[in-house]
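Swiss-Prot has this to say about the protein:
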type	residues	note
BINDING	Ala234, Ala235, Thr236, Gly237, Ser238, Gly239, Lys240, Thr241	ATP binding site
COMPBIAS	72-84	compositional bias 'Acidic residues'
COMPBIAS	88-103	compositional bias 'Polar residues'
COMPBIAS	116-125	compositional bias 'Acidic residues'
DOMAIN	221-401	domain 'Helicase ATP-binding'
DOMAIN	437-603	domain 'Helicase C-terminal'
MOD_RES	Ser73	phosphoserine
MOD_RES	Ser77	phosphoserine
MOD_RES	Ser78	phosphoserine
REGION	1-130	region 'Disordered'
MOTIF	197-205	motif 'Q motif'
MOTIF	341-344	motif 'DEAD box'
Amino acid sequence: MFASRFDPSQLTAPAASAPEGIVGTTPPAIVPLKRQATESDNEEYGSHQDSDESSNSSSEEDEDRMQVDYGASEEDSSEVEEEESKPSTHSTVLSRFKQTVSLQERLGASDIAESKEDESIEDEAASTHQLKQIPQPEFVKNPMNLNTNSLQFKSTGWLNTEKIYYDNSLIKPFSDYANELEAKLLQNICKNFSTNTFPIQSIILDSILPVLNFTLNVSKRNFTRRIGDILVNAATGSGKTLAYSIPIVQTLFKRQINRLRCIIIVPTKLLINQVYTTLTKLTQGTSLIVSIAKLENSLKDEHKKLSNLEPDILITTPGRLVDHLNMKSINLKNLKFLIIDEADRLLNQSFQGWCPKLMSHLKTDKLDTLPGNVIKMIFSATLTTNTEKLNGLNLYKPKLFLKQTDKLYQLPNKLNEFNINIPTAKSIYKPLILLYSICQFMAHSPIAAKILIFVKSNESSIRLSKLLQLICESRSQSSVLKNLQNLAVSINSVNSNNSKAENKKIVANFSHPSESAGITILITTDIMSRGIDINDITQVINYDPPMSSQQYVHRVGRTARANELGSAYNLLVGRGERTFFDDLNKDLDRDGKSVQPLELDFTLLESDSELYTSSLESLKNYHNNTAQA
């Protein structure tokens, strides 16, 4: 802690050897005021041991004096440092030496030990420890619907909406709404549809009807702002069409003059017909006018019809809507409802820039240009979560209706799913395995089957349908197809090679087969996976796996509709397709169910192999003849 003692004799030799005339050319080294005692001081330090022992009895007083002396020594040292800038002298060095000696005499060994103990105590007191989180108030949230794998990362477009949850227990009779619905409307619902609601219908009617009826009685002008916009994410076949149709008809039921007050936008012509049928049944016995606009009709004739007789409700596709807006066939001045069905598909495709065009006309045509002047209802089984696309709709106080689950998409409650794993070595016989699987279905199903098969492309649909027809024509020669030998099998394909009339006829025959039909099979692409309401589809088969969980939801949603039983079968070839399907399952809610593996005892005999080979050869000849023709 203190400097070693200084010997003046050591400086005489260098000073004597210095040349004459030069004084203090080399500045002396600055010796610190306090240094730790070196081993050379041990002998002299021992001579003062007696005085140190006496100082131990009054250590506190010595410490006070030491602090005073230490302060004085610091002042002296500052003076010494100022003098060191001048030529050094022996007297300066000796005075510093004496100061050091006097301090060492006053400071005993026990004081040094105590100072070290104090330093160690201070070190212990200043030791670091693990950081602890400051207590925070509990965050109020819904644990059933805040899963980090789904909503936090995939549903950013819904973060600013009011969420309203429902579950499968929300089923009630429509008669409970007798005080909220017009008597004629309630009669049409119970007569043409059902006496009980579906869960999504219950939650929407409970949330909208009381506010809607109260606001209409007070002020019809501002009722749209009291309701706000609505986003609905519900499984296919859950009754979404009826859910948005009932509030519309209830609002327009007592209108005096027909004006365009509702536009319903759907992606396909087939869905136009389906929605039109629903609204026609709901509006029976009323003066409401429901019209459609689609590509099959002449644009000129539609323009003339809409100009002469303005409808209350218009059902159309986005492209045809843009055509009529450009031709000024319709005016949005009195529009109160805008319904977008299958919204994820419509918002993912431009369709002549229909969304910006429509929003622009809403601003220019309507006298009331403030937000919330139109109630927008957005429906889909796989509602988009893209913030940019939802922002283009200019939503006003949106409410999100979704099922109480931690998954992104919901499957029908009464859907049963099965996986048929096909080894890679047997993938060449996949069409034959498909027919064999259908044989197994029929062995446990005494009723007629209506089977919808999805493939990846239009060409696959054409080839597979023809190949299955050729195999079934000679199925009596096969051992694996023995269950099909006594049944009538009808196989058709919906594809772009057919005319619109042919495809329409094929779909109609599939929807309403004859009483003698045993198995009716329709092979199609994803064009029929959305919005097509065909009753009594018993099985859906994914011959080619879907590309996303959205496609899977829409495909299997063609069965198990309206709370009826249905089955879905997935043909998976090799480990790669099985792994891909497992990834799709992460976004799907099955209400506690799981996909069951279906083991098939597929033993291929020589006769089956010969039948399959001959069918492939016949298919090749058929395509060659078709190409030449």
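Please read every residue number as a count from 1 along the shown chain.
Glycine is no exception: its Cβ is also placed from the backbone N, Cα and C atoms.
Around Thr241 (ATP binding site), taking its Cβ as the centre, 22 other Cβ atoms fall within 10 Å, counting all chains. Counting every protein chain shown, the number of other Cβ atoms lying within 10 Å of the Cβ of Thr236 (ATP binding site) is 28. Long-range Cβ contacts of the motif 'DEAD box' (341-344) within its own chain (Cβ-Cβ under 8 Å, at least 6 residues beyond either end) map to 240-241, 244, 264-267, 271, 275, 378-380, 382-384, 530-531, 550. Cβ atoms within 8 Å of the centroid of the Cβ atoms of Ala234, Ala235, Thr236, Gly237, Ser238, Gly239, Lys240, Thr241 (the ATP site) belong to the same-chain residues Phe198, Ile200, Ala243, Ala381, Gly557, Arg561, site residues excluded.
Sequence-distant neighbours of Gly237 (ATP binding site) (same chain, six or more apart, CB under 8 Å from its CB) are Pro412, Asp533, Gly557, Ala560, Arg561, Ala562, listed in sequence order.
Note on the domain 'Helicase ATP-binding' (221-401): its mean pLDDT in the predicted model is 91.
Sequence-distant contacts of Lys240 (ATP binding site), defined as residues of its own chain at least six apart whose C-beta falls under 8 angstroms from its C-beta, comprise Ile200, Val232, Ala234, Asp341, Phe379. Secondary structure counts, DSSP: the compositional bias 'Polar residues' (88-103) has 14 helix, 0 strand, 2 coil. Annotation note: Thr241 (ATP binding site) sits in a helical segment as assigned by DSSP. Sequence-distant contacts (6 or more apart, same chain, Cβ under 8 Å) of Gly239 (ATP binding site) comprise Thr197, Phe198, Ile200, Gln201, Ala562. Within 10 Å of the C-beta of Ala235 (ATP binding site) there are 26 other C-beta atoms, taking all protein chains into account.
Taking DSSP states H, G and I as helix and E and B as strand, the motif 'DEAD box' (341-344) has 2 helix, 0 strand, 2 coil.
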